[in-house]
Each structure stands twice: as C-alpha cells, then as structure tokens.
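S.K.: What follows is a structure written as structure tokens; I'll ask about it next.
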Amino acid sequence: MVKALNFKRHRRLRSSSAMRSLVSENHLRMDDFIYPLFIVEGENIKNEVSSMPGVFQISLDFVKDEMEELRSLGIKAVMMFGVPNEKDEQGTGAFIETGIVQEATRRIKKEVPEMLVVADTCLCEYTSHGHCGVIHNQDVDNDESLKLLAKTAVSQAEAGADIIAPSNMMDGFVIVIRQALDEAGYTNIPIMSYAVKYSSAFYGPFRDAADSTPQFGDRKSYQMDPANRLEALREAESDVEEGADFLIVKPALSYLDIVRDVKNTVNTPVVAYNVSGEYAMVKAAAKNGWVDERELVLEKMTAMKRAGADLIISYFAKDVAKWLNE
Ligand code: PBG
C-alpha cells in the first residue's frame, strides 16, 4: 500500500458534472434579475444604442412587445429610465404626470400588471445641464434637489411604480423620499437606494443611452471616490437608518469587495448593478471573437452572487435567461 501522505484531495468533489453541481455554492435564477429599459418620446422608435449592442431605446408603442418578450423569458422586474425630448434647468420632465417614465409605467401596469416596475429616481436625464440635481453657483444644491427628487418619487408611485430607486447621491434622499411617499399614502412602496454609487468611467455607454452626460464638470462632488471603502459603509449605514429597503452597489465588477462588505454589514437585500461599461466591454470583445461571451457572462454573474449580491441589475438579463433555459 502507498504510504498515506498528508494532503487533501479537493479534486474528489470536482470529478463529474453531477458531482460539481451537487456541491455548487451559488446559483443564478431569473427571479433575481432586473432588466433596465430606456423609454424615448415619440412613436415607432427602436434605436439600438451604438455603444451597447442589443440594448434599445424604445418608444411607448413598443412597450407591450417588450413586456411580452420579457415575460416569456421569465424576467419579472424592469428598471425604468426616461429619455425626454425637452430638458430644462429643473428637470421638470422627471416629475410631471405626463413624464415619459410615468407614461411608460402606466402602460406596463396596464399590459402586464405583474411586471415589477422599479423607477430610477434622478434628474440627470431631464436637466439641460445633465447633472443629477439643481445647480446653484456651479454646484449641485443638495437640499433644493431633494425637494424635486421627492416630487419625482411620488409622481412615479402615482403612475404605478412598485419600487422607487433613487440614484442621485444627494445626502438625505432616502429619508426625504420616504417621508414624501408616506405622506402621499404610499407607505407600502419600498425604496431601493443606490446607496453606494461610485463616480465611475463605467457609466459612459449609459450616458449615450440616456443622453445624460453632464454639460460641465463631473459628478465627483456627489458620487463616491473609487479609492474609498469605509465611505461605502457609512453610505450604506445611513441609508438603512433612513429607511432604505434594498441597497444597490454600483458599478458591480470592479467593486465586488464592496458588495461583500455591504452584505456583511447590513441585513437588507443587496443589489449589484452590472453597469453599461461592463456590458459594452464584453460585447466588444465577443464581437471580435476574443472571448466566449456565454461562459464569460455566466462567470461574472456567478461572481456577483458569490460576492453577496441578492439581486442583479443587468443589460445581460435577456441573454442570461436564454442561456439558462437552454
Ligand atoms: C442616473 C444613473 C446613471 C446610471 C444609472 N442611473 C448614470 C450616472 O450616474 O451617470 C448608470 C447606469 C449604467 O452605467 O449602466 N444618475
């Protein structure tokens, strides 16, 4: 007999596909995905975003077909972004009853009532300057912006949004929106806060899709510095104290350490936002034949789960659904 050596045989649990699935620690399921949608004003519009192949800006008349496709794929939640024709200093299009997101939300709730509508609550797609709040002295005024963001959240809830997702990074946005929703009778509408949102170059393609590039300066006075980790925990803790029901960490892939830190710190569901730049990079490499897109994407999604994401917002949700159903 060979003398017993003192090492562990880890390969025993990797010996076959059945064995590997038996011991797999993380799983992807479509219930955990949220698919972002860009709704434009006008009719008969279905524009592919040039930096995001496979992602389209659609007009209201395409919403029904889109919902049917998503339903058939098993996608149960959408994140709504609006691309209005008119912009102004205040971002009025974000909070009027006839705003593009409000119209689209009503349409979705009429066509497919069980689809969960998550409304992104921000002003940047609606302001002429492209910032996420109101500008005073070349800077975004926190407390003035809060009033408009609260109005936006209430008008989204009035239109039928199931979840309010403030992404503007003003201080106090969760408590101010919570109070406004409660006063308007929407005590049961949860807040999915973009609690930890870094100032990131990975948002580039989104700004093409949503036409929301700042016209001057950048977002560094309100979005977080990528160098910081403890600051993320301060943001997460204050949002939980203010009443957030879910916390988003964004971007996802370069910040998986932060996803794990937040998951270990709070007891709300944690959401990873797999952002536009992360999508565009994979699509570009895949188009060149440099990577195996399916394997790469499924690996990345699993990595987000392993890091502690309960939910994933991703432009890949449709692709993942197809791959999982194969
Ligand atoms: C709005 C908002 C942004 C994203 C989601 N909500 C852009 C930004 O903050 O510049 C980015 C999403 C993505 O890149 O996929 N504030």
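Cβ coordinates come from backbone N, Cα and C, glycine included.
Note that this is a predicted model, so its numbers are computed, not measured.
Per TrEMBL, the feature active site, schiff-base intermediate with substrate maps to Lys197, Lys250. If you look up TrEMBL, you'll see Cys122, Cys124, Cys132 marked as Zn(2+) binding site. As annotated by TrEMBL, 5-aminolevulinate 1 binding site applies to Arg207, Arg219. Per TrEMBL, Mg(2+) binding site is recorded for Glu235. According to TrEMBL, the 5-aminolevulinate 2 binding site annotation covers Ser276, Tyr315.
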S.K.: Between Cys122 (Zn(2+) binding site) and Tyr315 (5-aminolevulinate 2 binding site), how far is it from one CA atom to the other, in Å?
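M.R.: It is 19 Å, counting Cα to Cα.
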S.K.: So which recorded positions out of Cys124, Lys197, Arg207, Arg219 end up within 10 angstroms of Ser276 (5-aminolevulinate 2 binding site), measuring C-alpha to C-alpha?
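M.R.: Checking Cα-Cα distances against Ser276 (5-aminolevulinate 2 binding site), the recorded positions within 10 Å turn out to be Arg207.
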S.K.: Rank aside, I only need the closest one: which of the recorded positions Lys197, Arg219, Lys250, Tyr315 has its C-alpha nearest to that of Cys132 (Zn(2+) binding site)?
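M.R.: Nearest candidate: Arg219.
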S.K.: List the recorded positions Cys124, Cys132, Lys197 whose Cβ sits under 6 Å from any atom of ligand 1, in sequence order.
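M.R.: With ligand 1 as the reference and 6 Å as the Cβ limit, the list reads Cys124, Cys132.
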S.K.: An 8 Å radius from the center of the Cys122, Cys124, Cys132 Cβ atoms defines the neighbourhood of the Zn(2+) site; name the other residues of that chain inside it, in order.
M.R.: Gly91, Leu123, Glu125, Thr127, His131, Gly133, Ser167, Asn168, Ser212
S.K.: Roughly how many angstrom lie between the C-alpha atoms of Arg207 (5-aminolevulinate 1 binding site) and Cys124 (Zn(2+) binding site)?
M.R.: 10
S.K.: Nearest by CA distance to Tyr315 (5-aminolevulinate 2 binding site): which of the recorded positions is it, out of Cys124, Lys197, Arg219, Glu235, Lys250?
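M.R.: Nearest in space to Tyr315 (5-aminolevulinate 2 binding site), counting only the recorded positions, is Lys250.
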S.K.: By CA-CA distance, flag whichever of Cys124, Lys197, Arg219, Lys250 among the recorded positions is nearest to the residue listed as 'Mg(2+) binding site'.
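M.R.: Nearest candidate: Lys197.
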S.K.: Going along the chain, which residues six or more apart from Arg219 (5-aminolevulinate 1 binding site) have their CB under 8 A from its CB?
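M.R.: Arg219 (5-aminolevulinate 1 binding site) has long-range Cβ partners His131, Cys132, Met169, Ser199.
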S.K.: Only counting partners 6 or more residues apart, tell me which same-chain residues put their Cβ under 8 Å from the Cβ of Lys250 (active site, schiff-base intermediate with substrate).
M.R.: Tyr194, Val196, Lys197, Tyr198, Ser200, Ala272, Tyr273, Val275
S.K.: Taking DSSP three-state, what's Lys250 (active site, schiff-base intermediate with substrate) in: helix, strand or coil?
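M.R.: Going by the DSSP assignment, Lys250 (active site, schiff-base intermediate with substrate) falls within a strand, counted as strand.
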S.K.: Indicate whether Cys132 (Zn(2+) binding site) is helix, strand or coil by DSSP.
M.R.: coil
S.K.: Based on DSSP, name the secondary structure state of Cys122 (Zn(2+) binding site): helix, strand or coil.
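M.R.: DSSP assigns Cys122 (Zn(2+) binding site) to coil.
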